[in-house]
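Enquirer: Let me begin by handing over the structure; questions about it come next.
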Amino acid sequence: SFEGRVEVYHDGKWGTICDDQWDDRDAEVVCRQLGLSGTPKALSWAHYGQGSGPILLDEVQCSGNELSLDQCKKSDWGQQNCDHIEDAGVSCDPFTGTEVQVCQSDACCPSLLPPLAEGTVRLAGGRSPGEGRVEVYYNGDWGTVCDDGWTDLGAQVVCRQLGFR
């Protein structure tokens with residue numbers, strides 16, 4: 001799943017995070033830590049239901065560039081002034097944040113599409129969004145990748161680029 005109440009594991013137990021100061025930059029770090037892409041969105045007031053047990057973090061203030069919540073400015077573990085009605089949540093929705101249009105070819109509506117960066121990758125021809133032929137955008141066109149020397153390591157890099165674990 002790509003959304004829900006955020007819980008952290010510390011000192012042998014799971015607990016929730018209070019939503020004081022909770023914002024989309026914090027959600028961005030949570031999504032990154034979970035290996036999820038999409039548009040990070042912070043949700044407050046126990047949007048995904050109230051947790052039980054300890055509230056382990058409060059006053060989380062990430063810049064958005066951290067690799068994990070541990071690197072963010074926050075209260076000391078267990079130091080909080082909250083109730084579970086303030087449990088923080090996130091959505092890392094992979095179906096948002098990308099402009100989508102129904103096109104008959106790659107050339108449709110070029111003025112409405114955001115510019116693609118050189119080296120952008122996509123999967124084509126698969127049975128699901130998580131599989132297919134690897135294609136790379138280069139010099140204004142999409143091209144395929146030769147499988148000479150292709151290994152699981154290359155596949156892992158592409159999966160990470162696409163926001164998969």
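Going from the start of the chain as shown, residues are counted 1 onward.
Every residue gets a Cβ built from N, Cα and C, even glycine.
The following feature annotations were taken from TrEMBL:
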type	residues	note
DOMAIN	1-93	domain 'SRCR'
DISULFID	C18-C82	disulfide bond
DISULFID	C31-C92	disulfide bond
DISULFID	C62-C72	disulfide bond
DOMAIN	121-165	domain 'SRCR'
Enquirer: Given the disulfide-bonded residues C18, C31, C62, C72, which one's Cβ is surrounded by the fewest other Cβ atoms within 10 Å?
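Expert: Lowest Cβ count within 10 Å among the disulfide-bonded residues (C18, C31, C62, C72) is C72.
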Enquirer: So what sits near C92 (disulfide bond) in its own chain, CB-to-CB under 8 Å and at least six residues off in sequence?
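Expert: Set apart from C92 (disulfide bond) by at least 6 residues yet with Cβ under 8 Å, we have F2, E3, A27, V30, C31, L34, L36, S37, G38, T39, P40.
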Enquirer: On the 0 to 100 scale, where does the mean pLDDT of the domain 'SRCR' (1-93) fall?
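Expert: Per the prediction, mean pLDDT sits at 89 for the domain 'SRCR' (1-93).
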Enquirer: Counting by DSSP, what is the helix, strand and coil composition of the domain 'SRCR' (121-165)?
Expert: 10 helix, 14 strand, 21 coil
Enquirer: If you skip the near sequence neighbours and keep only those at least six away, which residues in the chain come within under 8 angstroms of C82 (disulfide bond), Cβ to Cβ?
Expert: C18, D19, D20, I55, D58
Enquirer: What is the three-state DSSP composition of the domain 'SRCR' (1-93), stated as helix, strand and coil residue counts?
Expert: 16 helix, 29 strand, 48 coil
